[in-house]
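Residues annotated as transmembrane segment in TrEMBL: 20-44, 50-72, 84-102, 108-131, 138-158, 164-185, 197-219. Per TrEMBL, the feature Zn(2+) binding site maps to H196.
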Amino acid sequence: MTISDFTKHYPTTGAKLADLIVHLAGLACALLGGGILLGLAFGLGSLGQMAAIGVYTIGLVTMLSLSTAYNFSKARWQPLLRRFDHAGIFIMIAASYTPFTTQNLEGWWAIGMTTAVWSVAALGVAAKLFLPGLDKRFWVGLYMAMGWLVLVAIKPMIEGLSWVALLLLAIGGLVYSTGTVFYLMRRLKFRRAIWHGHVIGGAGLHYAAVLVGVVLSGARA
């Protein structure tokens with residue numbers, strides 16, 4: 001991909017402004033929401049819960065910050081920032097798993113799932129930074145496969161989570177997955193704003209799942 005390709009991100013000023021608003025709103029909500037989660041975990045939870053929530057919050061803010069930097073930087077920086085932006089998605093997916101795999105799973109399920117998602121994330125980050133030329137469809141497929149890896153541990157996850165948290169996780173996953181359809185529709189005028197809106201919508205649902213299924217449930221335990 002050349003620098004000239006990045007000028008095609010936004011066919012109009014309106015499309016760019018719409019995506020900027022989506023990014024800034026998402027980043028502001030992530031900072032505020034992350035602070036609330038950390039405060040609740042500090043007041044209601046254990047040290048392990050606080051650490052897991054900290055990892056989740058850092059992953060969420062990192063992904064949105066890298067996406068904002070990439071999409072709205074000068075064209076000459078975008079080829080490099082694109083790698084970091086896409087690497088940030090791997091970090092976010094693994095960080096989203098962490099509160100559930102460490103706080104709601106037990107024994108080898110907790111160890112195995114946490115190790116698996118972070119191993120895939122580490123490999124994905126390394127590949128994105130050093131092998132950026134792989135086909136876009138491969139990366140989209142890998143993101144989705146990593147996101148739905150939870151199905152491997154669906155039985156212990158069902159046993160360890162409330163139905164509300166499970167429903168929020170499932171709907172959030174569907175919102176993320178639906179967003180990829182718009183991301184691949186290159187002729188769609190507002191495709192980037194729509195795609196990023198789905199990302200933030202899915203992240204919001206997963207945030208609610210972390211709140212209900214980890215922070216508040218841990219306080220009641």
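Just so it is clear, glycine is given a Cβ too, placed from its N, Cα and C backbone atoms.
Keep in mind that this is a model prediction, so the values were computed, not measured.
Contacts of the residue listed as 'Zn(2+) binding site' defined by a Cβ separation under 8 A and a same-chain sequence distance of 6+ are given as D19, V22, H23, G26, S67, N71, in order along the sequence. The transmembrane segment (84-102) is in contact with the transmembrane segment (197-219), judged by 3+ CB-CB distances under 8 Å for residue pairs 6 or more apart in sequence.
At the 8 Å Cβ threshold, with sequence separation of at least 6, the transmembrane segment (138-158) comes into contact with the transmembrane segment (164-185) through 3 or more pairs. Within the same chain, residues 100, 136-137, 140, 143-144, 147-148, 150, 157-158, 191-192, 194-195, 197-199, 201-206, 208-209, 212-214, 217 sit at least 6 positions outside the transmembrane segment (164-185) and bring their C-beta atoms closer than 8 Å to a C-beta of that stretch.
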